[in-house]
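Residues or ranges marked as L-glutamate binding site by TrEMBL: P474, T476, R481. For 399-633, the entry in TrEMBL reads domain 'Ionotropic glutamate receptor C-terminal'. The domain 'Ionotropic glutamate receptor L-glutamate and glycine-binding' feature in TrEMBL is assigned to 401-465. The site 'Crucial to convey clamshell closure to channel opening' annotation in TrEMBL covers I623. Per TrEMBL, the feature site 'Interaction with the cone snail toxin Con-ikot-ikot' maps to K653. Per TrEMBL, the feature transmembrane segment maps to 520-538, 590-616.
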Amino acid sequence: VITIGASLSSEKMEYEFKQAVSALNRNFAYTNVLFNSTSILMDSNPIRSALDICDKLLAQQVFAVVASHPNSTDHSPISVSYTCSYYNIPVVGISARDSAFSDVNVHKMFLRTVPPYSHQADVWVQLLLNLTWHKVIFLYSADEEGRSILSRFQTLAEDHDIRIEQAVRYAPGEKNYTNTLETILSCTSRVILLSASSEDAEIIYINAENLRMTGEDWAWIVTEQALTINIPVGFLGLHLVNGTNEVNHIKDAVEVIGQAFARLLARENISDPPRECKDVDSWDYGEIVYEALIETKLNGETGQVSFSQEGDRLNSMYEIMNINSNRRPMSVGLFGHKEKIIGLRMVGNNITWPGNTHIKPKGEKISRNLAIVTLKEKPFVEVLPLPKDGICRPVGRAQHAFPCKNETQDHCCMGYCLDMLAIIAEKVQFNFTIHLSKDGLFGSFEKHNGSDKKHWNGMMGELMRQEADLIVAPLTINPERANDIDFTKPFKYQGLNILVKKTQKDSSLASFLQPFQDTLWILVGLSVHVVALVLYLLDRFSPFGRFKLAKSDDTEEDALNLSSAMWFSWGVLLNSGIGEGTPRSFSARVLGMVWAGFAMIIVASYTANLAAFLVLDRPEALISGIDDPRLRNPNEKFKYATVKGSAAEMYFKRQVELSTMYRNMEKQKTYFTAEAAIEDIRKG
């Protein structure tokens, strides 16, 4: 005989419980197991409730207890769980949704036919995937329920590429949550997941409406507890099917107990449980019975019943509720396991969204009409006059051309940055209008009009004053700018450069004379003629030059004349072949060989020095670098400057060791574009 105890909310539920146990006996009439029932009404006072368990249920030797909630309240059966757990008597909850009951260290003998509130995170994840939203704001209460649903959602979201942009925690029971909600306005996500009690939700909805956070482009998904009477139009929420149907849950709880004991008793005998609270020893078979209970699976009155290792109900059925224009919740989908429904199934596409619209929000803050500021800077942005027909056409390598305005005239803008803008706009889906920077500056942080307060000028100033939504230009990332605005990843990496005019060294016809000094050239030229003259004289007056040798059959030769001697001397020096007119006498030939050796040394030295001079003959650099003395301590004739409002100017302004250079550049002519500065460098 198995006695099943129950602590229920009303006498009607006690009657339903007895009927369920009677039906259980009819179903198991073929077995040798008989089920008895005994029940009490749960007291709202936890201490009296615990005493009733001892005096009225344990005295009947109950093998398991079905626990509901006190009449007219939603208090949890925590005293029932504590008392029964001490004696290892399993408790099947039929209404307790608190996440605290999932803690097996505290409620080791508790299981339930309803899921905890934190399991709504499972539905949220599937709903977000169905709606293709992957970035959310999580608004939760700083209590056990809020922390539990956040923890479960974070675990599930990681596996499905869903990111929490910001988790906003609030203290439950406050009278105003405006400050908490204002932190959400700076986020880009417009999908809010709300975990709140009904009391807190009412206040949050009022504050959110005042901040215009319940209109178009926003999306709210809330928990069951937050589905209140005054919930705004377009919100999505969840409703547990049969969640409050106590009769059906009693039937399923009794059926689970019946099947578990039928299986357990078929394979082994179990001892009797404690008879009163005075017993010190707990029930030895309690944990075995508990394991049999959580292993039970059945298709019951509330759907497919099964349990996790923590004793929580799995595979519950939820309705996706949508607040229509009449502020009435309408079912637009189902989630769970029942018959042919597995997972999430949305019914139709006629969902009402915040702002009473049927167009699904994009889920992110995207302005669809952006004001874009830029300035002329080839090849990134090129500005051309607007054609007479008013249609901008790309020129050269540009693929797109857009109309752009300054304060007085219309122009056409094109270039690398604008081709990039066209691709981004197509992917992100927004429209834009382009205007040129009013003062033509990139943007620097400085004082204006004698004021002590610093302000941004240029494109940066327009962005900070909200005169523009986006800068599309070759704007350098530096610490000052990055402190106030967000940059994309850079499309070009570039350092600081010093531009100077090239000093071209003119090559003259006399450049081949550079290897030797003028004195040496004069002496070489003089030596050629002196050697030629001496050769002539030696050959003229030598006895071997004029007269024919004795016993020689050769014809007489005339002596070497002055012209041939000159030809010989130059020929040897310039290494050209000498075919005739060579010295005849011995003395002249000795001088010729000495002259040839001298010529060889001179030619070799000249060739080596000429090669060295040609290699080294390059223009001398005007500036060696940032530490060049002419930049650090310039004189009045040496002028240098930078582009006004540029990152280069801000760099010099920021570096203390370069303050002298910055002050010197401030005195020079102001350049608003690099083009104008480069043109002045060309002109000197």
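Any Cβ shown, glycine's included, is placed from N, Cα and C.
Curation plays no part in TrEMBL annotations; they are all automatic predictions.
Cβ environment of T476 (L-glutamate binding site): F442, Q494, S646, A647 lie under 8 Å away, each six or more residues apart in the same chain.
R481 (L-glutamate binding site) sits 14 Å from K653 (site 'Interaction with the cone snail toxin Con-ikot-ikot'), counting Cα to Cα. What surrounds the L-glutamate site, by Cβ distance within 8 Å of the Cβ centroid and not counting P474, T476, R481, is the set F442, A473, L475, I477, N478, S646, A647 from the same chain. Burial estimate for the recorded positions (R481, K653): highest at R481, by number of other CB atoms within 10 Å. Across the fold, the C-alpha of I623 (site 'Crucial to convey clamshell closure to channel opening') and the C-alpha of P474 (L-glutamate binding site) stand 26 Å from each other.
Away from its own ends, the transmembrane segment (590-616) comes close to residues 512, 514-516, 524, 527, 531, 534-535, 538, 568-569, 572-573, 575, 582-583 of its chain (Cβ-Cβ under 8 Å, at least six residues beyond either end). Counting residue by residue with DSSP, the domain 'Ionotropic glutamate receptor L-glutamate and glycine-binding' (401-465) contains 20 helix, 22 strand, 23 coil. K653 (site 'Interaction with the cone snail toxin Con-ikot-ikot') sits 20 Å from P474 (L-glutamate binding site), taking the Cα positions as reference. Along the domain 'Ionotropic glutamate receptor L-glutamate and glycine-binding' (401-465), the predicted structure has mean pLDDT 88. When each of the recorded positions P474, I623 is scored by how many other Cβ atoms sit within 10 Å of its Cβ, I623 comes out lowest.
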